[in-house]
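In what follows, a single structure is set out as C-alpha cells and then discussed.
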Ligand SMILES: [Zn+2]
Ligand SMILES: [Zn+2]
Ligand SMILES: [Zn+2]
Ligand SMILES: [Zn+2]
Ligand SMILES: [Zn+2]
C-alpha cells in the first residue's frame, strides 16, 4: 500500500470518528488539492451546514463532499425539484447533471441567488435531491471563449478526474527530502521586459512560475537548461500562472508538448483568457510566417490541466508548498503568487505584474501577507524617472485629444492590450460620452477586444465592486454602451472606418508589424488629422517603442506578405496614466506599505536601467537587500 | 556522414597537402583531445623532427603520429634494436609492444636518457623500427599503486581506445548552441570546508569540477539537483579534478555508477593518488559501518576514463572549452584548472587548494594566466587572523618538541594527510636527523603514507627541481633514509611502538574516530610524556578540531566496533607552518600578484567566517568584485 493510500485510510477513519454516527463515509480520495468525501448520506451532510467547515478545520484540508451514486435522485426528478427550490430571479439558464461525481452544474444569471445566504439554498438542493450543486455564471455578454472552455471541460470530465486524482496523490505524497532549502532560478525577464519565467525549487519540489514570450523578439525563457526541462518536463511538480498576458503565459502549452502532465494553478478568468490569448498567439505566429511552437491541441491540454484557485484560498500544491493567489490589480484575474514553504521555513511572493492603486476596473494590488521574506518584484516602470501622470490627467488629455481630432475630422487610434487596458479605456470613453465631455461617435473594438470584454463580464467577482454592481444593474452595463461595436471584417472595413467620419479605434497592440494595427497605420497613418495614442508600456525593440522614439517611416506588412513603408503623418501621443503597471512611485509605495516588509527583493521584468534604478532606490530608501538577477542565475534563500 | 567525419576528411586532406609527398596518411582519427595520424611511413615522419610540431601549429591541435601496422618491424626484432639504440645508463626495465596502436611502452629508471636531447633518441627508435615509443619512469621506490594502474590500463587498452575515440568525437562535435553564456553552479564547499564541487556550464557544454566528500560528516555535494545529475550523468561533457584529496575527489567514481561515461581530466599523479585514496575511503566507510557509495570497480572505471594532462598544456575538452592545468603547489599533481571559453568569450580559473609560496616538495602556485576574468578561490585560511607561522619557525618548534619528547622518553604522534604533508615532514625530519638537530630515532610511517611516498618518487617532474635531482642522485633519495619504516601490522604493533623507545609517528589523519590514529591515541594518548602535533587544517566538527579546542576525553572506536573514551594526557600542539594551504597572507599575495588580476573572485572552501573575511578583505584591498556563494546557487558571468 502506497503512503498516500495509508494516509487516505487514516483520514477515512478520522473523518468517521468526527462525523455523527448516522452519516456514512463510503470513500475518501484526493482530487487535486481537495479531499473528496463520498457519502451515502449527502442529505444528512447538507442538513448540518457547519460539518464540512469543521472537518476542514480539523484536518487542515480543503474538503468536498460528494454523494455516492446510490444516494442520488434520478436527474429528471432532481431537475424539477431544483427548479422549484431556486428562486425565479436567479435566472437559471442551464442544469447539467454529472452522474460520475454526483454534481449538478447550475448556470444562472445571478449565481448569488442560487447560492443563497451562506449557501442555504445550495444545501437545500442537496437535502432535497442528494446532488452536489456547483454554480457558474451565465456570461452577461455572450463569450465564445467561456462557453468553449466550459464545453471542453464538460467533454473531458473523465480525463480531468483522472488528472486531478493523480495530481492529488502527487501533492499529498510522503515528503522524501531530508534537507530543507529554497531557491529560485531565473529563466527569463531579468534585465529585460518579457518572457517571465522562474523555477521555485526546494529539496522536495519544483514549481514553474509563469512561462511567457518576449514581445517583439519571439524569444522564449531558457527552458532547455537542466533546472527547467533538462531533467524532463515531468520533473516539475506544478506550474503557477500569475496572469494571462502572453509575456507571462505564451509558452505554458509548450510544457505539455514536452510531456508535462501536471497542473497549472491560476484563477478561473486567467485560465479562460490565457486560452484566448494563446490561440491568438499561434495565429499571429502563423501569419508572421513563423512556425508556432505548439498546436492548439496543447492549449486545450493546458486548460484541461488548469486548477482554478480563488484569491486568498491557501492551497496545498506540494508536500511542502502552499500557494495563495492575491489580487494584483493589473488585469482580469491577475495575481500575486505567494508561496509558503515548509512548516514556516520560508515565504516568497512573485508579484507578476501589479498595479498598486485602484483603477476603474480593479482594486489595487494586495500587499498584506501573513509572512514574506523574499519578494520577486516587477520593475517595468522602475526607472528613476518612470513616474506616470495621474490617470485623471491622462483622461483629461485623452478627452482633449479626442475632441481635437474629432473637430478636424480625424480618427483616434489607440493600440492597447486587448486584456485589461482596453476595458479600462472603454469605461473612460463610456463615461466621457455619457457626460458629454466628448461627442457621441463610434468606438470600434478591433481584434479580440470584444471577446476579452465578454470574459470580463463573466467574472465580475474579479472587478471592482461598484463596476460589478453596474454590470448587473439592468440597463447599466457600461460595456454594452451603444457607441461600442466590434470591427467585423478585414482591411477594407478598417479603411472605410479610417477614411470615414471621426471615430475612435481600440486595436490590440500585441502585434505591430502585422495584424489589425498594421491596417490602422496604413489607413490612418498618412492622415495628419488623425492621431495615434499609446497608453501601454512599449517594450524595447518593439515597433511601438520605435514610433514613440520618433520613427515615422514605418515598415509594415501589407497584409499579403510583402513589406511596405508607411509614412506616418498622424499625431503621435503617449499617455502613460492608463498603464496597468504601477509606476516608480507605485512600486515604491507597494514596498513601503507592504506588510510585513520583505528581507530581500529581486527586481525583475524591467529593462536594465529600470531594475538597477529600482533596486538601488529600494535599497537606499528602505535598507532592504535588493538584487538585479541575471537570467540563468539561481539564488538560494534557505 | 556526421559532422565529425566530414571534419576528419577535411583534416586528412589538409594534412596530406602539408606533408611531403613521400609520407602517406592512411587514417586520421580523434582519441580524446588528440588528433591521431596513421601513416605507413613512420620512419620518414620521424626523420623530420619538426613535421609534427609544424602540423600541430597549423591545425591548432595536439597531434600524435602512429604507424600503420604494415610499417612495423616484428616485436622481437624491434626489441633488440631498441635495446641497442637506448644508452645503457637509461636503465630500461620493461618494453611492452601494443600492435593495435603501434606503440611501444618503454619503462626506464631514467626516462630523460630514453628520450634524448629534444627527443632525438625517440625519433631514432621510430626511424629504426617504425614503432612509436612512449616512455614511463620505473618507480624509484616500488609502488603497487602505480604498477596496478599501469597493469590495469594495459589490460583495458581496447576499451580505453574506444572511450578515447568516443570522447574525441564528442569534443570535436559541431557547436550547436546559438547563444553564448557562462555560469557556475555551486554543488558544495560554499561557506564550509570540503565537498568541493562545481558545474561550469555554457550553452553548449557542462563540466564538473571536483566531486569531494565533506570530512568528518560524510556529506556529499548536491549531486541530485537538475544542474548536476538530474538530467542524467551523461549530460556532463567532462569532469576535471584539481587534486587527489578526498574532499575534492572522493565521489568521482560515483559518477560512473550513475552512468557517466566521459573523461576525467587531471594530472597523471593525481590519477594514481586518487585511486589510492578512493580505495582507502571505501575501506574506511566499510570499517565505520557505513555502506560505501560505490564499489572498487567504479574506482577502476574512473581511472580507465582518466585523460592525463601535463601542466601548461592547452587542451580542447569541448567544442567551446579549452582546459589548462597549472601547478597549485598544494599536493603531488595538484592543479589550478583554467578554462578558456568560446573564442575569447570568458576565462575562469578554479584554484582547487593552493600553496602560494614554495615548499620543500613543490614550487609555489602559478598565478600567471593569459586571461582570467573570474577566479574561484579556496579560502581555508581566509579568516582575518589566519596567519600561519613561517615554516622555518614551525620546523624549529617541531625540532624542539621532538627533542623534549625524546628526552622524556615519549612518542611524538603527528596526524597528517598521507598525500602531501607527510612527505613534506619526511623531508624536514630527514634533514634534521642528518644535520644532528634531532637524535637518530625511528620514524614510523603508518597507513598509506609509504605508498603515497612511492608515488611521489614516480613523478619527480611534479616536485621541486632540487628535490628531483636528489631523488635520482644515487644514495641521496631522502625518502629512503634509514630512519623511515612502514608500520606493518595492527593495533599490537602500534602499542609496542607507543610503549617502546622514543619515536616519531606519522599517521594518516583522514579518520579520527577509527583507523590508525585511534590506535595511537589509545596507546600514546594517556602517556603525559608523549605528544600529539597537529600540522594540518582540522575542519569544523571533526574530532581533530575538537581536540585542538581542548577536548581531552576522546571518544574512539576500540578497534572491534565498540566505543570507548580515551583520557588524553599527552601534550597537544598545533604547528601551522607546514600547511599545504596558503594562509591569509598567501591568499592575498596570490591575488595581489596575479597576472592579470581577475574581475571577480568567488571565495569558497572555507568556513563561513573565513570566506566572509577573505571576500571583504580582497574587496577593500584590491577593489575586486568578491562573492561568498552559497551551495546550490548559480552565478552567471556572460
Ligand atoms: Zn501583464
Ligand atoms: Zn510582466
Ligand atoms: Zn505587462
Ligand atoms: Zn587538498
Ligand atoms: Zn580543499
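Placement of Cβ uses the backbone N, Cα and C atoms for every residue, glycine included.
Together with A:243, A:245, A:353, TrEMBL lists one candidate of A:305, A:326, A:330, A:338 for binding Zn(2+), that being A:330. Around residue A:245 (Zn(2+) binding site), the same-chain residues six or more apart in sequence whose CB sits under 8 Å from its CB are A:212, A:277, A:331, A:353, A:417, A:419, A:420, listed in sequence order. Sequence-distant contacts of residue A:330 (Zn(2+) binding site), defined as residues of its own chain at least six apart whose C-beta falls under 8 angstroms from its C-beta, comprise A:243, A:352, A:353, A:354, A:355, A:362, A:365, A:420, A:580, A:581. Under DSSP, the residues of the region 'KHb' (A:73-140) split into helix, strand and coil as follows: 32 helix, 19 strand, 17 coil.
Here the region 'KHa' (A:5-72) is broken down by DSSP into helix, strand and coil counts: 32 helix, 17 strand, 19 coil. In this structure, the binding-site residues A:243, A:353 were compared by how many other Cβ atoms lie within 10 Å of their Cβ, and the smallest count belongs to A:353. Among the binding-site residues A:243, A:330, A:353, residues whose Cβ is positioned under 6 Å from ligand 3 are identified as A:353. The DSSP breakdown of the region 'Metallo-beta-lactamase C-terminus' (A:580-638), given as helix, strand and coil counts, is 24 helix, 12 strand, 23 coil. Residue counts of the domain 'Beta-Casp' (A:422-547) by helix, strand and coil are 63 helix, 16 strand, 47 coil (DSSP-based).
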